[in-house]
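Sequence annotations record features per position, and here TrEMBL assigns domain 'Acyltransferase 3' to 9-352. As annotated by TrEMBL, transmembrane segment applies to 12-28, 40-59, 79-96, 108-126, 138-158, 165-183, 195-215, 235-252, 264-289, 301-320, 340-357, 389-409.
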Amino acid sequence: MKDASSRIDSLTSMRFFAAAMIVALHGLDRGLSIGWTSHLALAQGVSFFFVLSGFVLTYNHPVLPDRRSVLQFYVARIARIWPCHIAATILLLLLIRNVSYYGLPEHFRAWITTAYVLLVHAWVPYQPLVTAYNTVSWSISTEFFFYLCFPFLLLGIARNWKWKLPVLALLTASFWIAASWLFKVPGFEVNADFLAYINPLPRVIEFFLGMLTAVAYRRHAPAWRTRTSFTRDTLVEVTALVMVIASLLISHRLEKYVSATAPLWGLVLGTTGLGLVTFPLFIGAFAFSRGFATRVLNWRVLVFLGEISFALYLTHPVFLLYRQVAPGLFDAMPRGEVTAIYWASGLFLAALLHWFVEKPALRLLKPRPPGRVSQPPTTTSRSTYPRDVAGLAAFGLVLYVLVTIQPSVRSAPEHGAIAEILFSGPATFATGDQLAEVYIDGGTRASPQRLRFVWTSTATHRLDHSVAVHLLDSRGVMVGQRDFVMETGARTAHTGDAWMNTLPLEPGELARVAHVAVALYDRHGLAPISCNGCATDWNASRLLISAVPANIAMTRVTVRQ
């Protein structure tokens, strides 16, 4: 029994690393990076979680013998994910207010909200549906689909896996091929990657591979233990770890190479890639082994981080969106400090959600074991009920306090900063983004603090591209570069939407700059520009904006946050 517990603890710790990959990925997209992580295919953290989930569920539920056990399984899974899903959404809406509501079309808003609450919003490759509210919840919706399929996939798995696996592989390949074709069809490009990456049907195979790993573990673990040793197990664990890191490095390089000519297949390599093979082997290696790495994973701190990993995944976007709403609070901070706040706030909110929502809700909603259904509540269950209700109430109080005292742009003191207008457009990019204005604010002409870019949308489009900002001297030589992800707090911009991006500058950074060059790019390359009377280069794909003080119209404007 102790050994089983140990194995479960090591797998629980792994959940944290899966969530951490996604937290690091989203931070990397917004300049909050931990250097070496940029070389890894971090998006495969979702794939790792799907495989691990299939293993853990099959390990804990090797058989569901009757309808009652299936129903109890469903209720337990809903109790596990739904309260956190709703609580994280409420937290995000209260703290971020209308930002997460940004991309919901008016005429479909009620339907989208209903699908989101029911956790089926990722089942249809329609972007406003998939990216509604807390965008990362798409993977929870996909996982919920796996839960519904689990009893059917589990039925006779030891005998019929030989035909189930090829069928699921064919299903996945069919979706990939269909999505690669849709990438070439005008008007479908936005949703094609959703069809291959977010839709649950092509991803069931990852969950099923985890299930097969658990079946193999149950069948062969006893024989393995009679022949193993601590040293041998440690070597197996180290080999498995090196294999996974290598696969993440190779997948990332292949993604960059392939995306230039085949975007969909680049997406597949970056999000699934070699993980279809390496993740089941990695999880199996650590399940079988009891070496040094397993002992490390059994440390209580790592186990706790694994326990809050689900909440961490759901709450980490809060800081990223809040930073977008109130950039002035973070512009002056060193990038390392902002990165530390990002991780610390995510872990703090995750711990709150875990202690005051996830655990109480699980105890209140999870069904009793079959043998105890008709029994009266025990003394322990009576004593935990008030505590669980109090925990949920405490979380509500924490929400109220956070919303009431949160620092905001509106409460930040205004110093009447001088704003120097560098550009007054519009300049229209082929992506559907229109640059309306660029100006400097927050300081004096000698030491400007921030560049602000005011955008409008000329057409509904996905915000999956980046902004390149090049600082050029009088000879046209680049003396600085500041790229950032085009971001509004939502994944989609609709016709007529307006937003602002802020780029912090070092004091005096523009002193030797003659032009600020702006370009938009995505996986397909640079976006052409249409602008009457504007200076451009790079075959009309980079806008050149004069930064010479004599050419800047000085005025005092209201700085819009």
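Cβ coordinates are placed from backbone N, Cα and C, and glycine is handled just like the others.
All TrEMBL annotations are machine predictions without curation.
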If we call contact 3 or more Cβ pairs under 8 Å (sequence gap 6 or more), are the transmembrane segment (165-183) and the transmembrane segment (195-215) touching?
yes
Contact ranking winner - 108-126, 138-158, 340-357 against the transmembrane segment (301-320), Cβ under 8 Å:
340-357
Contact between the transmembrane segment (195-215) and the transmembrane segment (340-357) (at least 3 Cβ pairs under 8 Å, separation 6+):
no
Positions on the same chain near the transmembrane segment (40-59), where near means CB under 8 A and six or more residues out:
8, 11, 14-15, 17-22, 24-25, 28, 139, 142-143, 146-147, 150, 154, 157, 203, 206-211, 213-215, 217-218, 245, 248-249, 251-252, 255, 269-273, 275-276, 279-280, 283-284, 287
Is the transmembrane segment (235-252) in contact with the transmembrane segment (264-289), using at least 3 Cβ pairs under 8 Å (sequence separation of 6 or more) as the test?
yes
With CB pairs under 8 Å as the measure, which of the listed stretches 12-28, 79-96, 138-158, 235-252, 340-357 comes out on top against the transmembrane segment (108-126)?
138-158
